[in-house]
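Structure first, commentary second.
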Amino acid sequence: DGCGHTVLGPESGTLASINYPRTSPNSTVCEWEIRVKPGQRVQLKFGDFDIDDSDSCHSSYLRVHNGIGPNRTEIGKYCGFGFQMDGLITSKSNEVTVQFMSGIHTSGRGFLAAYSTTDKSDLITCLDNASHFSEPEFNKYCPAGCVIPFADISGTIPHGYRDSSSLCMAGVHAGVVSNTLGGQINVVISKGIPYYEGSLANNVTSKVGPLSTSLFTFKTSGCYGTLGMESGVIPDSHITSSSTLEWPNETGQVNIWKPENARLKRIGPPWAAFISDEHQWLQIDLNKEKKITGIVTTGSTLAEHYYYVSAYRILYSDDAQKWTVYREPGMGKDKVFQGNTELYQEVRNNFIPPIIARFFRINPLKWHQKIAMKVELLGCQFSIGRAPKITLPPPPQNKNDEKNADFMDDFIHSVKTSLQTDKTTFTPEIKNTTVTPSVTKDVALAAVLVPVLVMVFTTLILILVCAWHWRNRWKKTEGTYDLPYWDRAGWWKGMKQFFPTKSAEHEETPVRYSSSEISHLRPREVPTMLQTESAEYAQPLVGGMVGTLHQRSTFKPEEGKEASYADLDPYNSPIQEVYHAYAEPLPVTGPEYATPIIMDMSSHPSTPLGAPSISTFKAAGNQAPPLVGTCNKLLSRTDSASSAQALYDIPKGQPGPGSADQLVYQVPQSVAHPTVSKDE
């Protein structure tokens with residue numbers, strides 16, 4: 001009568017004294033016989049130990065033995081208040097006996113212990129929580145039987161659990177370990193949140209919790225997605241039931257609570273059975289085999305109809321003909337799942353191991369008023385694979401072997417539940433889903449070549465853009481209008497000799513060349529002779545565009561019409577100094593007009609025979625300047641010393657510095673011309 005909470009699994013379990021964690025009663029005793037697989041050994045770990053030692057472990061104690069029965073040997077005898085036992089107690093065989101004796105005492109909680117096989121070196125107890133471990137991530141083994149009424153948890157998945165929660169009990173609530181089997185958990189510690197929700201899952205109630213400094217979650221396989229009831233992926237035609245509730249409302253309209261109404265979170269009435277008994281069922285066709293890891297249920301969700309299912313069984317099939325009831329491995333009876341406790345709350349139950357099937361059926365066993373529910377299935381796609389072949393032992397030869405035969409039947413049934421060897425071969429829906437090797441190679445080659453080609457073309461484009469940008473910058477630094485090795489103005493002077501100019505009347509005149517004068521000159525000195533009307537004023541050295549040279553001048557007289565111009569050979573002039581390409585203002589001390597230019601007008605067709613030609617020069621005194629023909633050199637416009645002494649023509653009608661008798665004009669010809677008289 002001294003046995004408390006006890007779950008003895010095939011590989012692990014939990015045991016506690018009666019009334020734990022309250023004071024155990026006087027004069028009680030309990031023995032636990034633990035067996036694991038042959039060849040394994042048992043290890044025992046205490047989560048709490050508080051036994052009265054007032055009589056030196058004489059009447060109150062805990063004793064551990066190797067083996068079971070009269071041949072067992074004692075490993076140790078323990079007592080004490082708040083006794084701390086470092087390490088584990090390990091047996092020498094696969095059998096252990098634990099004996100608890102409680103004598104006359106006034107205090108003492110008793111004990112809580114966990115056991116497992118020795119290959120589970122990271123065993124913890126149901127009382128351990130996340131605050132006992134400093135690592136941000138760790139793996140531990142939870143024993144079976146950690147759903148205990150004296151432990152609390154706060155939180156739910158996926159938000160996480162408060163750090164004060166029991167690790168193993170939270171693992172059962174999250175569906176990562178089974179309460180009847182235990183299992184491995186992978187825990188991740190993170191920063192806490194201000195509020196923890198409560199929920200009911202896997203027969204564990206999580207309470208609402210306040211702010212904490214940290215929380216923990218579990219790493220899982222990720223096969224917990226919804227399978228299509230809520231979203232509508234599963235069509236209405238694939239949801240059937242044993243019966244449907246039909247009833248008229250106050251207005252006489254008939255309400256039908258059809259099976260397709262059994263979609264979780266769908267607004268409106270649920271599915272309800274016409275008759276409420278244990279033979280009713282709701283069936284879901286998933287269209288193909290899938291891996292089902294859990295189920296979520298609610299009641300009617302209608303306040304005026306307080307209906308819900310509080311307990312149910314699960315059946316599954318591959319052909320909707322032969323059905324299998326879900327059982328946990330090693331268990332000889334059908335598993336009954338806890339359902340709802342009211343009509344609104346969502347309750348989750350997980351399948352460990354998962355179910356692999358196409359057809360899924362819910363069989364209500366207990367309900368409130370009427371059978372009514374809404375459902376969602378959890379899981380993922382199932383990758384087809386053949387299950388390992390099970391080798392059966394020979395049939396029993398005597399009565400002593402019948403127990404072993406029964407054990408093997410249960411074991412085979414549990415393996416079939418997890419592996420689904422019955423009709424889990426290939427189905428037509430997933431044929432030809434693999435990729436041939438050649439296609440795989442091409443895909444891999446394309447996956448490598450495409451990024452490489454993109455990088456190469458991108459690099460070439462960047463190089464071209466950078467080169468173009470550098471070239472533009474180099475041009476800007478050199479200067480758009482700078483000519484590094486020739487004078488721009490001098491270049492224009494030379495180039496405009498090759499274009500015809502207009503006379504004062506804006507008439508085009510042909511370009512004529514004197515072969516007699518060109519013959520005795522060097523090629524470098526051969527000028528281009530332009531035949532045109534004589535002008536009153538000298539044309540500018542430079543102008544705008546070549547086509548408009550004959551319309552522009554560097555100065556404007558006070559009166560008289562604009563005159564045309566003619567240029568002499570620029571090649572016989574001295575080497576010009578480099579000066580600005582545009583016309584510069586004349587110096588104050590310099591001449592009023594531009595430097596004179598001598599032109600050969602002897603062969604001009606428009607000049608009348610015997611008529612005196614007019615020169616653009618004014619001679620000093622009465623002496624005419626010497627004639628040098630086409631070899632006369634131009635004066636440099638930048639020669640300020642000689643420009644002060646140069647004499648220029650006076651426009652017609654303008655009074656000059658001397659009298660009219662001193663105005664003698666010369667015609668630039670290769671032969672001498674008579675001097676112009678005063679009458680002109």
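Our numbering is plain: 1 for the first residue shown, then up by one each step along the chain.
Cβ atoms here come from the backbone N, Cα and C positions, even for glycine.
Keep in mind that what you see is a predicted model, and the values were worked out from it rather than measured.
As written in TrEMBL, here are the features:
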- Cys3-Cys30: disulfide bond (DISULFID)
- 3-118: domain 'CUB' (DOMAIN)
- 120-216: domain 'LCCL' (DOMAIN)
- 223-380: domain 'F5/8 type C' (DOMAIN)
- 443-468: transmembrane segment (TRANSMEM)
All-chain count of other Cβ atoms within 10 Å of Cys30 (disulfide bond):
20
Using DSSP, how many residues of the domain 'LCCL' (120-216) fall into helix, strand and coil, respectively?
11 helix, 38 strand, 48 coil
Under 8 Å by Cβ from Cys3 (disulfide bond), same chain, sequence gap 6 or more:
Leu15, Ser17, Ile18, Cys30, Trp32, Phe100
On average, what pLDDT score does this prediction assign to the domain 'LCCL' (120-216)?
93
When secondary structure is assigned with DSSP, how many helix, strand and coil residues does the domain 'CUB' (3-118) contain?
0 helix, 61 strand, 55 coil
